[in-house]
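Colleague: Right, I'll just put the structure down here and ask away after.
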Amino acid sequence: MAATLLDVCAVVPAAGFGRRMQTECPKQYLSIGNKTILEHSVHALLAHPRVTRVVIVISPGDHRFAQLPLANHPQITVVDGGNERADSVMAGLQAVAQAKWVLVHDAARPCLHQDDLARLLAISENSRVGGILASPVRDTMKRGEPGKAAIAHTVERADLWHALTPQFFPRELLHDCLTRALKEGATITDEASALEYCGFHPALVEGRADNIKVTRPEDLALAEFYLTRTIHQEKA
């Protein structure tokens, strides 16, 4: 069945290991409550009616995913990823070749709010480029001296934003920009950076700062707090 303009597919790169978590288990498979971080992240996407399919990109030797209920979900597709995030995203894009618009969401970002997701998806009505969820920088930012634990100078924060996910783009545009950036050896830290490299300027859609990525051990407790609070608010 051909995708409609309103239908959105999501790609969730989940092939990473996350060594900064200091655990043997990949961070996306750590549990918060009765679900893994990956399950929380994916369910937040599937909760929106426009998201019709989620492609989860795992490492070829991953045996954990098959044990999750997600493995049998009718809206889930699983594909093998590559060595780098961009390679995994490309693999995910290949699996949704008919999609008009795609979301890319971190596997270890479980605290996405539905209001933020709805605002991001709404930009497809008027944009040909897409955009990302982002949070304005609130702290004073310092640039360090190369190779030293010393301050080089203070960075003006007026126009600085923390890039979050999901990031939301026309599927063909993202595919073409990633293809060119990878071919030309550009440094791609997120999907938006591939579009920037090709001269596009994705929109910044302000999102909640509690949409954190679980990267370090202390992030796990914080994510659990945020998720528990959200569940209680939804039940109130």
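Note that the numbers count up from 1, one per residue, in the order the chain is shown.
Using N, Cα and C of the backbone, Cβ positions are placed for all residues, glycine too.
Keep in mind that what you see is a predicted model, and the values were worked out from it rather than measured.
Okay, so Swiss-Prot annotates it like this:
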- Arg20: site 'Transition state stabilizer' (SITE)
- Lys27: site 'Transition state stabilizer' (SITE)
- Arg157: site 'Positions MEP for the nucleophilic attack' (SITE)
- Lys213: site 'Positions MEP for the nucleophilic attack' (SITE)
Colleague: In whole Å, note down how far the CA of Arg157 (site 'Positions MEP for the nucleophilic attack') lies from the CA of Lys27 (site 'Transition state stabilizer').
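Modeller: Here the two Cα atoms are 30 Å apart.
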Colleague: Round to a whole number and give the Cα-to-Cα distance in Å for the pair Arg157 (site 'Positions MEP for the nucleophilic attack') and Lys213 (site 'Positions MEP for the nucleophilic attack').
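Modeller: Just about 21 Å between their Cα atoms.
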Colleague: Counting other CB atoms within 10 A of each CB, which of the recorded sites Arg157, Lys213 comes out lowest?
Modeller: Arg157
Colleague: Neighbour count, 10 Å Cβ-Cβ cut-off, for Lys27 (site 'Transition state stabilizer'): what number do you get?
Modeller: 26
